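These come from TrEMBL:
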| type | residues | note |
| --- | --- | --- |
| BINDING | G125, T126, G127, S128, G129, D148, N190 | S-adenosyl-L-methionine binding site |
| BINDING | N190, P191, P192, Y193 | substrate binding site |
| DOMAIN | 7-76 | domain 'Release factor glutamine methyltransferase N-terminal' |
| DOMAIN | 120-196 | domain 'Methyltransferase small' |
Amino acid sequence: MIWKRYEALKWASSFLKSYKRDDNIGEILLCDRLGLTRTDLLANIREPLPDADAVWLKERVTEHALKGTPVQYMIGQAPFYGRRFKVTPDVLIPRPETEELVYRVGVWAGRFFGTGSRLSVCDIGTGSGAIAVTLALEHDGWQMTAVDVSAKALSVAEENAAALGAPVTFRLGSLLEPLEGRPFDVLVSNPPYVSRPEMRELSDTVKDYEPHLALFGGEDGLDFYRRILQALPSVFGHKPYFLLAFEIGASQGRAVESLVKQVFPDRIEDLAVEKDLSGRDRNVMAVIRIN
Ligand code: SAM
Ligand code: GLN
């Protein structure tokens with residue numbers, strides 16, 4: 001029996017639901033397989049689905065339902081800020097929440113440096129390069145440098161920058177070390193921030209597939225904030241202000257805010273814990289006076 005596309009998707013959706021998985025995964029897979037946008041797929045939903053495609057879809061839907069393999073690793077890409085990023089199991093799949101960090105960096109940079117300023121910006125723990133590449137493409141004249149300790153992640157990020165035509169300099173190494181004291185105006189980072197107890201609670205789609213190097217932030221999840229804040233003065237630039245933009249875990253707002261206050265007690269021009277679209281604390285933004 002030859003399925004119509006909608007019949008295949010109906011099967012996928014109820015199969016996924018019975019395993020308590022996202023039921024739109026069949027759609028994502030089928031769009032990728034057929035090389036169609038979601039709109040094109042839905043507009044031509046009554047077309048027959050060739051057997052080979054139906055078998056391909058069934059295998060992947062079944063694997064995701066049973067084992068939780070992320071669909072983004074299956075198709076080798078993930079959307080971020082309206083662009084496609086290559087992803088492999090060596091990089092964290094970029095999250096929609098992180099798009100909000102990118103957006104906020106633009107808003108805060110406009111406020112403190114003026115819109116259109118030429119800024120030197122570093123992205124620490126760049127992974128797929130989603131943040132650095134997007135900022136480079138959204139802000140003409142920003143000089144982006146992206147760091148990761150994973151050589152494999154860095155090569156994925158480099159591929160993404162090349163494919164999307166983003167001018168980004170990449171440096172391999174730990175946190176601020178590879179920046180060698182060069183001056184920056186902005187530091188943005190979505191570091192690993194999952195605490196040890198939270199690591200045990202992660203869903204199988206995350207825990208069994210995404211790199212723990214990208215997730216584990218030490219016992220309380222705050223190690224990378226402490227280490228970045230301690231090293232921050234080594235990269236202070238020549239402008240009056242330095243902008244710091246972190247993604248944080250939903251329970252870490254107060255803690256990261258107080259770390260910033262501890263490290264820069266008399267130099268805070270502005271400091272805010274900002275929420276994501278689902279109303280949870282997600283970013284700590286700080287403007288530090290440097291002269
Ligand atoms: N920026 C990407 C994003 O937002 O989708 C990836 C963020 S992921 C949560 C954290 C990244 O930090 C991973 O790519 C990991 O390899 C990197 N990382 C872990 N330890 C690091 C270190 N000591 N120095 C630099 N990067 C590190
Ligand atoms: N947001 C990730 C999660 O789903 C954690 C990312 C991070 O540690 N920065 O668990």
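Just so you know, glycine gets a Cβ as well, placed from its N, Cα and C.
In the three-state DSSP assignment, the secondary structure recorded for D148 (S-adenosyl-L-methionine binding site) is strand.
Checking the binding-site residues G127, N190, P192, Y193 against ligand 2 with a 6 Å cutoff on the Cβ atom leaves N190, P192, Y193, in sequence order. Proximity of the binding-site residues (G127, G129, N190, P192, Y193) to ligand 1: a Cβ under 6 Å from the molecule is found for G127, N190, P192. Here the Cα atom of G127 (S-adenosyl-L-methionine binding site) is found 10 Å from that of P191 (substrate binding site). Residues within less than 8 Å, Cβ to Cβ, of S128 (S-adenosyl-L-methionine binding site) and separated from it by at least 6 positions along the same chain comprise A78, F80, F85, K86, V87, V91, L92, I93, P94, A153, V156, A157, N160. When every Cα pair among G125, T126, G127, S128, G129, D148, N190 is compared, the largest distance found for this S-adenosyl-L-methionine site is 12 Å.
Here the candidates are the binding-site residues G125, T126, D148. The one whose C-alpha lies nearest to that of P192 (substrate binding site) is G125. Note: the CA-CA distance between D148 (S-adenosyl-L-methionine binding site) and Y193 (substrate binding site) rounds to 15 Å. Between the CA atoms of G129 (S-adenosyl-L-methionine binding site) and P191 (substrate binding site) there is a gap of 13 Å.
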